[in-house]
Amino acid sequence: MASHIVGYPRMGPKRELKFALESFWDGKSSAEDLEKCQLILGIHLKQMSDAGIKYIPSNTFSYYDQVLDTTAMLGAVPPRYNWTGGEIGFSTYFSMARGNASVPAMEMTKWFDTNYHFIVPELGPDVKFSYASHKAVNEYKEAKALGVDTVPVLVGPVSYLILSKPAKGVEKTFPLLSLLDKILPIYKEVIAELKAAGASWIQFDEPTLVLDLESHQLDAFTKAYAELESSLSGLSTLIETYFADVPAPAYKTLTSLSGISGFGFDLVRGAQTIELIKGGFPSGKYLFAGVVDGRNIWANDLASSITTLQALEGIVGKDKLVVSTSSSLLHTAVDLVNEPKLDQEIKSWLAFAAQKIVEVNALAKALTGHKDEAFFSPNAAAQASRKSSPRVNNEAVQKAAAALRGSEHRRVTNVSARLDAQQKKLNLPILPTTTIGSFPQTVELRRVRREFKPTRISEEEYVKAIKEEINKVVKLQEELDIDVLVHGEPERNDMVEYFGEQLSGFAFTANGWVQSYGSRCVKPPIIYGDVSRPKPMTVFWSTAAQSMTQRPMKGMLTGPVTILNWSFVRNDQPRFETCYQIALAIKDEVEDLEKAGITVIQIDEAALREGLPLRKSEHAFYLDWAVHSFRITNVGVQDTTQIHTHMCYSNFNDIIHSIINMDADVITIENSRSDEKLLSVFREGVKYGAGIGPGVYDIHSPRIPSTEEIADRINKMLAVLETNILWVNPDCGLKTRKYAEVKPALENMVAAAKLLRTQLASAK
């Protein structure tokens, strides 16, 4: 019985890659210094080898993103980056990822329904593909030099094309799969080099097989792997899927592919896939059974997994069953060893990446008759304690959440009348300007927060320092003449963790970091029990900020769906139950802010879209409870209180009616990196009556947009949106940027809004 890991986190146990990247981008270190991060790879390879894993992945390390690595491998560099051929280096690679002073970055979007982001390839009929990055082969050779024979992992050719988009100037209807014949020769070159280097297995990640694919897309898999079959001769080939069930038609296509040795499935989220396997699995093929959750931090229920694996063993045979993770461990934290302060009982319920590889191997050994009772017994005890712990169960919270069913929780007055009442109170100009919430977090500010937590500075010193920072942010916004202000969130390290720390039912890690994009990591809270709010969370800071200005000051909250989707969520009850509990806690906070005189309250639902199930058949149920949760938070406020929400990654065309159904007064949406895809919804006739602020510039790039560029973007919006509902704002919070970038960008944004106001007044 063998063991396999789909992929492993890249950042390192203490985020070594993050700091190396940021040092390189800031010009403080060399390319050679950055390349030393390959040492992280060596540590991880040894970790998996020492744990007894047989099939260890390589080429899952990346300096930014595995899809971008594939774009580099294929030489599919958009012309604006002025790449002239040859091996793609850091300059071109990071320009594609982040933009540079003269050109914007490529689009970034969610990787399926995770909080990881990939760089979307821009393709068309004129792309001249060439083998331009030998990373996959080089990493295999480096691992081999360390004495570890690995399974090189490539993003599969069909998923790569399905996840791409037509480049600028290419018809939106361009059939991306028509490029298969152009990219397969490069895959053949890579395969040939891997064979020559001594590889015996190769893994193609084809996660799009879990989506609702059309027949021509499924046919592309048959075509691609038939074309690659002779090149793959002599290699054992695994096709890996993850994140959901594989639909029956895709399962049939996948398991019928010739020349493929094994198939990997997510059996944590894929209960229906197990039924398909029971209904028929090709004889002589390997089944890589993903029974250890790659996306969460809960210890595996080993007894339950053994039962599942034994049933599968009866179908495929002992020598063809491989125990695996459900997905890459990229989506979980790195190592529990780095959590000495975590509560011991809660810690016993958890497993991070380093622990999950041990679980995988323990399951594989148990199936061969070598069950390690010293490992299995504590696991069984932890599973039992989690079910019965009073820390998990709060009857009052469960009753309050259950009482929510059967009501719409909708504000009585319609949005149009509410906006009129709010305008009378707020007296804003047309095209009002605002920002999304956070302002840059300086080294000094982080030091203050860091020293307050272990009480190296007093509460009085801490409050004084944070108030000074808020005052600085307020004064800057007033100087810039922004209409609706924010306090800049200097007291917050993270928009979810900040709230979770003040809610019951949450636990926190010191080093539970997970990559979001590039060097950006998040440290998701762990929701282990029923959720409630013991006391107000933001009222003190919001009222302090409002006292510093006559302009409206937004109260800033994170919405229940985003808290849910950006946390490691308990897996012992439905997600919607947990979401309703969080919604009730946020509702209490909204009402306390209103009582304290805050007239504009933003409830961010940045992650609403990313929680959307991968299957269309499951969308309606998710959207129903997600939108309902948002409405619960603000159903009790007055008509004159303006409720804002913010959303990230504006691929919203398919859920626009649910967004309208949220019944917010104003929605701001990240839009600038998606070529105004959002605006196409309104061009197609969808009527939106609330305020809306599609982002006018990309905060993920250091590039400072000109006034003319922003004005041009606003004009495009005015072509499809009413003047009286359009807001002008950046597309996301400014926390990760520097003041030297933020100030001129906001100056240009306000100037663009004023320019348009003047032009609109003249036109009247």
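From the backbone N, Cα and C atoms, a Cβ is placed for every residue, glycine too.
The DSSP secondary structure for HIS700 (active site, proton donor) is coil. If you look up Swiss-Prot, you'll see HIS700 marked as active site, proton donor, on the strength of similarity to another entry.
Its Cβ placed at the centre, TYR517 (5-methyltetrahydropteroyltri-L-glutamate binding site) has 21 other Cβ atoms within 10 Å. Secondary structure from DSSP puts TYR517 (5-methyltetrahydropteroyltri-L-glutamate binding site) in a beta strand. Among the features that Swiss-Prot reports, 5-methyltetrahydropteroyltri-L-glutamate binding site is placed at LYS18, ASN115, ASP494, TYR517, ARG520, CYS521, TRP566, with the record citing similarity to another entry.
Look at Swiss-Prot and you will find ILE436, GLY437, SER438, GLU489, ASP604 tagged as L-methionine binding site, backed by similarity to another entry. Reduced to three states, the DSSP call for ASP604 (L-methionine binding site) is strand.
All protein chains shown were included, and the count of other CB atoms within 10 Å of the CB of ASP604 (L-methionine binding site) stands at 24. Summarising the annotation, Swiss-Prot assigns L-homocysteine binding site to ILE436, GLY437, SER438, GLU489, ASP604.
There are 26 other Cβ atoms within 10 Å of the Cβ belonging to GLU670 (Zn(2+) 1 binding site). Sequence annotations record features per position, and here Swiss-Prot assigns Zn(2+) 1 binding site to HIS646, CYS648, GLU670, CYS732.
For HIS657, the entry in Swiss-Prot reads Zn(2+) 2 binding site. Under the DSSP three-state reduction, HIS657 (Zn(2+) 2 binding site) is assigned to helix.
If you check the binding-site residues GLY437, GLU489, CYS648, CYS732 against HIS700 (active site, proton donor), the ones with a Cα inside 10 Å of its Cα are CYS732. Minimal Cβ crowding within 10 Å, among the binding-site residues GLU489, ASP494, is found at ASP494. Around HIS646 (Zn(2+) 1 binding site), the C-beta neighbours below 8 angstroms that are at least 6 residues distant in the chain are ILE436, GLY437, GLN602, ASP604, GLU605, ALA606, ILE667, THR668, ILE669, GLU670, CYS732. When the Cα of HIS657 (Zn(2+) 2 binding site) is compared against those of the binding-site residues ASN115, SER438, GLU489, ARG520, CYS648, the shortest separation belongs to CYS648. Neighbour count (other Cβ atoms within 10 Å of the Cβ, all protein chains): 25 for TRP566 (5-methyltetrahydropteroyltri-L-glutamate binding site). Once the Cα atoms of LYS18, ASN115, ASP494, TYR517, ARG520, CYS521, TRP566, the listed binders of 5-methyltetrahydropteroyltri-L-glutamate, are compared pairwise, the greatest separation found is 20 Å.
Residue density at LYS18 (5-methyltetrahydropteroyltri-L-glutamate binding site): 19 other Cβ atoms are found within 10 A of its Cβ, drawing on all protein chains shown.
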